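Everything below concerns the one structure shown next.
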């Protein structure tokens, strides 16, 4: 159906973009602010389908006209942000990071950045703070959708309204099912890739096609708009980055957006009037530019300071993003929009192709030259050693440190657990695996044996309410079964606790209680230091200072206090690795020029050895006496 301009939809764009910007700026109150992207998907599906359906109805459908409109809408602001980002980040990014950035430039221009970031999202991937174009994944999802959808809608429209609607509803159901199926075993693919996201865009399409007629009754419109706003607000304020997503958690914001659009199609409502307020509409109008600008600005500040944003910086980043977006909307977007634009179709296509080719060339040249390392000659040997660190051998990845996709039954008991049972068993995720080398070396001095039972992204908590991947629960059950059959004297529980929802930390007492019930001594390692960037990049930036580089770490004081309280209440001892490196949030990352960490928190061989030495200084005598007593 044909639609005129709707102020409430511009207002809904504001409802989508503001939580995203504030969430990325670190406003903890909006823990689910990322759902604004899902609201954008529904809006996009509705608006684009409305235009396509109107063209098809009038017999004026043209794929060239469609892509001309997309080019006018997407490219001017995107290319301008890319240009500024390339200039700015070429100045500050270290070679390895600049090379990664160049890949994202290529992927952004080719609308494949969602695929790139999915492929780059390995367990030891660089933190998102180093990816200035990470947010373009959603643009890629949309454009991939619009490569297929216009032709699909055109063909389905030839089959009749009922068949068309049934086919689209079936695709929505299939995509939603893929989303539900994939969120546990394949969370990253489900988050980034189109098959699990298409239903969100198609939800808007179904509204545009009037599959459910717009509500005529005012009471129904009021209720739908109010419920829609409530569902979005519920998601923004109750979800967090630790919750499985999309999955079922994506349904409330998408349904909320759909209800608001549906209610507004039927006429006026209080919700529509609120969304139509002038300041709200203005933010909605600049929302595309605001979305494009905010993340590179945030990354630039974080990369330059090597820490999170301070309150004043958060305010400055938000203001700067709005200012840049306003100028971009007025002077970059608007001249190319609408029928009154002086730039014709041929000019738009030619300019888009030439500019895209230029960016592809810049990205390709930067990638081939490995990020122009001659800008930082002193960094080359450090990058060579630490950028692709020997973690496979050190952490025993693929054997004693299980990959997410490995069946738990493949865990090699004799090699990793030990027969008979070890004196000390390290049970946890990568923050357990990175302790193994140091503890094994230290244990050999006092004639103790150390076993390793570790798995990627898998905290050692039995019956955890929300595992990050499906195999984690099975792995923990498998390890606990081994422990019951062949009991170690001491179990050291260690994980990257900061990745857990704080509400899940108390469940650690279930593991401690189960182990204590078997007569096993339990030590819980607190959260180790983590940083806003890989340690080797922080070291390079501080190379002109004296050995013993001290950098700003992430504040874990409250987290470690909580873990310690849970451990001690359950009868376990608490070991604090962070205290070995940090005073407050100021943390030492090297020893006489040798790095103790390599990425944003994992230990090097030297760092692991240092922790192992301090661990046995603290517990060695007691563990040795305990081992002798149980002979």
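Quick reminder: no glycine exception, Cβ is built from N, Cα and C everywhere.
What you are looking at is a predicted structure, and each value in this text was computed from that prediction instead of being measured.
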Between the ranges 105-126, 347-368, 369-390, TrEMBL assigns transmembrane segment to 347-368
Per TrEMBL, the range holding transmembrane segment, considering 19-37, 38-56, 247-265: 247-265
Mean of pLDDT values spanning the domain 'Acyltransferase 3' (8-328): 96
For the transmembrane segment (190-212), the distant same-chain contacts (Cβ-Cβ under 8 Å, at least six residues beyond its ends) come to 1, 3, 38, 41-50, 53, 114-115, 117-118, 121, 137, 141-142, 144-145, 149, 153, 164-165, 168-169, 171-173, 175-176, 178-179, 182-183, 245-247, 250, 254-255, 257-258, 261-262, 265
